[in-house]
């Protein structure tokens, strides 16, 4: 246990510790010269250097000086605070010093790494950075973290394979978990697939048992055909409003017998079959649906009441209204999945105009035995089997012209999978793949790629097709450059399949703004750190899973979902979280209540109470936007107070180590 905190209102006694970081700093900067310079600065009682201060011996040396020399401020000149600031905060706290009486001078990323060709200049800059850190350290104040309690319930948004895995993991840990899915049944995109690559396992055979587990789990409350409309609060204490759309069927009474579907006279496009098949105005999405309950689409229903007449349980409720549900949870996992890219804007490929041009997901539903063609691959134009099929890779991916420069990571593999399945069903069919590069990066992927060539005889042409032309007989001519042969080719096909990429789902932007999340350049939700916090977000208590965070295959989505569940469980297990005190504070005597800070705060952490700004300590991230914008100077930021920053600036400008 840390020793009793030392009194810090006395005269500052500063210790400066300059790290070599092996040769990262020591190979460029004259560390000994920086150490000697620091020793002469006001209030510095000890200055030392060491090869690695982040190591145990280095930290023990700092702790020894705190205890024996009475040091009450510590400055470490080393690497990025992003990496080791928590390390040194713990170090000084274990020695009895408040952790916020520590200051970091970054002389690696800000100095040695960017001035490797100028050691002398780098050394002088290091002196400047250390002097600035010492100037701020003199004015540091002890701060104490606050704690907030955490509700031990969780919310999972999205009912695809990632959301299912996350919900089951949390529920198995004993936490009450709400799952919200916008469609009538959980399953996500995985439920639409026939087989999964590279093992060609039955997709629904893998997924359906997990779906059933979700529906039956005592700790999971499943809310389908619903969307999150409002999220207020902060980690441990989120208040969520959910709008549940009317099914016009009572979920508690419906047994999924299908009698209503049989008698319904109205047909409509089946969303689950990507619109290439038909269903009824009252429908059950697919046989394994969870919950197994019918839904009436009022856009098509003519209210003939035949469904009501045949329902023995009286489950049909034509007067059902939308329902607003309010829940309180401690943590949230966003697993909203993806949509397939709509290739209509790729006019050169003729999707939506050329009858026999379809997407990869539409082909998935054709191949599926429970799909609209009972597993037969048929040309949309005449219902006959195609003798020549072409696949075009990277439609909606790796294409800067349409603002989609990223790789969708699954297209190469799902195209080869479907090509193999076509050959299995129709061995005499000629299959050709037009590709830019084959990205077979996962376990078993390269072998899968080779099998496509060697066992199935699938033809590969390297090049992005320029145009797909529809001929009078509805065959299709694909004009493309073959970059390996260095010539333009034109081949005729009966059907062309577009390997469409993955894009953020409809409604993702609204949900992002509702929760207050960031997004990456490609539109997917952004993690807090790509390597160190890959499932966290910048909003504490909110985590990401699956393709919501970026394109990935099923194993990666499941692994990330389990990781997100584990991260979400940590604060709920503890029962409370510590809130760092580096936040904005308001001088109520100066604040005029102009609300400029409220408009600019990216985290919604400020409100007006009793005529002046009030900062919610749990929501504030200490970004300083309000401090910079406040016209009256009423806002300040702990640990980065105006006087502390000004002291650094004055130290940099008034006493430069070199001119």
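Backbone N, Cα and C atoms are what each Cβ position is placed from, and that goes for glycine too.
The FAD binding site annotation in Swiss-Prot covers 158-181. Summarising the annotation, Swiss-Prot assigns domain '4Fe-4S ferredoxin-type 1' to 244-274. The [4Fe-4S] cluster 1 binding site annotation in Swiss-Prot covers 254, 257, 260, 311. Under the heading [4Fe-4S] cluster 2 binding site, Swiss-Prot lists 264, 301, 304, 307, citing sequence analysis as support. For 292-321, the entry in Swiss-Prot reads domain '4Fe-4S ferredoxin-type 2', with the evidence type sequence analysis. According to Swiss-Prot, the feature domain '4Fe-4S ferredoxin-type 3' maps to 581-610, an assignment based on sequence analysis. Here Swiss-Prot flags 591, 594, 597, 630 as [4Fe-4S] cluster 3 binding site, drawing on sequence analysis. Among the features that Swiss-Prot reports, [4Fe-4S] cluster 4 binding site is placed at 601, 620, 623, 626. Swiss-Prot lists 611-640 with the feature domain '4Fe-4S ferredoxin-type 4'.
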Where residue 179 (FAD binding site) sits in the secondary structure, as DSSP reduces it to three classes: strand
Overall pLDDT of the domain '4Fe-4S ferredoxin-type 3' (581-610), taken as the mean: 94
Lowest local Cβ density (other Cβ within 10 Å) among binding-site residues: 257, 304: 304
Pairwise CA distance, residue 591 ([4Fe-4S] cluster 3 binding site) versus residue 601 ([4Fe-4S] cluster 4 binding site), rounded so that it is a whole Å: 16
Candidates 167, 179, 260, 264, 301: member of the binding-site residues with the richest Cβ shell (10 Å): 167
Helix, strand and coil totals (DSSP H, G, I; E, B; other) for the domain '4Fe-4S ferredoxin-type 3' (581-610): 5 helix, 7 strand, 18 coil
Alpha-carbon distance [residue 257 ([4Fe-4S] cluster 1 binding site); residue 176 (FAD binding site)] in Å: 30
Cα-Cα distance linking residue 161 (FAD binding site) and residue 594 ([4Fe-4S] cluster 3 binding site), given in Å to the nearest integer: 47
Residue 264 ([4Fe-4S] cluster 2 binding site) and residue 311 ([4Fe-4S] cluster 1 binding site), Cα-Cα, nearest whole angstrom: 12
Surrounding CB atoms that lie within 10 Å of the CB of residue 620 ([4Fe-4S] cluster 4 binding site), all protein chains: 24
